[in-house]
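Visitor: Take a look at the following structure, please.
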Amino acid sequence: MVIQLEANLEKLRASAPLVHNITNFVVMNFTANALLAVGASPVMAHAAEEVEDMVTIAGALVVNIGTLSPQWVDGMKLAMKKAAESGTPIILDPVGAGATPYRNRVLAELLETAPPTIIRGNGSEILALAGASIQTKGVDSTADSTGSIGAAHALSERFGSVVSVSGAVDVIVQGNRTGWVSNGVPLMTKVTGMGCSATAIAGAFAAICADPFEAAVSAAATMGVCGELAYRNAKLPGSFQIAFLDTLADISPAHLAELSKIRLE
Ligand SMILES: Nc1ncnc2c1ncn2[C@@H]1O[C@H](COP(=O)(O)OP(=O)(O)O)[C@@H](O)[C@H]1O
Ligand SMILES: Cc1ncsc1CCOP(=O)(O)O
Ligand SMILES: [Mg+2]
């Protein structure tokens, strides 16, 4: 198979899909800006009173447990249930999986509620989610993405999900398919919300791609290529964050495809 990166970004921008995010306080603003910059239409809504109505009009649901609390979890479950009923793609970011028993418990409940279409996390989070008994260090990874491939396959098999593990190389797995995306710069780990944006952008691509594996690979490549281009002009976290958003908005689909380093197995 070939990833139609150029066509996918063109389609995303032409249709500007509504992406419903239930995400964390830290990254809400940056995530909304990243979605707007890439060409999608973000909405943040977490109240149990409205999530079912919101997800009904959305092209994808992004659930991110970064700053979870019981009322938010109620909203996440209702939204996931509704999305599963209507076939709307669900993208789960297990932020901080393995850091506390509460996070692990909630993740188990969410996975029981509805299987995610795509799970996107860093190496530590994917290991923890797959049941490895590791104590992760908050939200940042202490594990290499390539060391989490076995865990990613196990999760993919258990839930039928595409699993996207971020890191120096992003590894995307589903069944017997594996994608390797070797774009990006280490400075991306020094800006909060880069992983969360990767997850939200996977939601934007999932809204317009029939194949969630293709959506996850497209999102990883878009993040990585834009990180590399932004780094040409901004070598420190503050300016890099802004340059990254500018690049997401400015990049042409052809340039994205040209700079992407994707290997498929
Ligand atoms: N060492 C690295 N080199 C290049 N790109 C990286 C590196 N680490 C992370 N990235 C990129 O940064 C983004 C966020 O990934 P990551 O830091 O793993 O997520 P999180 O913020 O959830 O921990 C992804 O697009 C990933 O490809
Ligand atoms: C710092 C922090 N604490 C809770 S959520 C969050 C943001 C994590 O964002 P990312 O996973 O994109 O680095
Ligand atoms: Mg993260």
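Every residue gets a Cβ built from N, Cα and C, even glycine.
Keep in mind that TrEMBL annotations are predicted by a computer and have not been checked by a curator.
The substrate binding site annotation in TrEMBL covers Met44, Gly193. Annotation comment: TrEMBL describes Arg120, Ser166 as ATP binding site.
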Visitor: Among the binding-site residues Met44, Arg120, Ser166, Gly193, which have a Cβ atom lying under 6 Å from any atom of ligand 1?
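Guide: Checked binding-site residues vs ligand 1; flagged Ser166.
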Visitor: Since the record lists Arg120, Ser166, Gly193 as binding-site residues, which of them has the fewest other Cβ atoms within 10 Å of its Cβ?
Guide: Gly193
Visitor: To the nearest whole angstrom, state the Cα distance for the pair Arg120 (ATP binding site) and Gly193 (substrate binding site).
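Guide: So the alpha carbons of Arg120 (ATP binding site) and Gly193 (substrate binding site) sit roughly 13 Å from each other.
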Visitor: Whole-number answer please: how many Å between the C-alpha atoms of Met44 (substrate binding site) and Ser166 (ATP binding site)?
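Guide: The separation of the Cα atoms works out to 23 Å.
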Visitor: Whole-number Å only: compute the distance from the Cα of Ser166 (ATP binding site) to the Cα of Gly193 (substrate binding site).
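Guide: So the alpha carbons of Ser166 (ATP binding site) and Gly193 (substrate binding site) sit roughly 13 Å from each other.
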Visitor: Do you know which of the binding-site residues Met44, Arg120, Ser166 end up with C-beta under 6 Å from ligand 2?
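Guide: Cβ under 6 Å from ligand 2: none.
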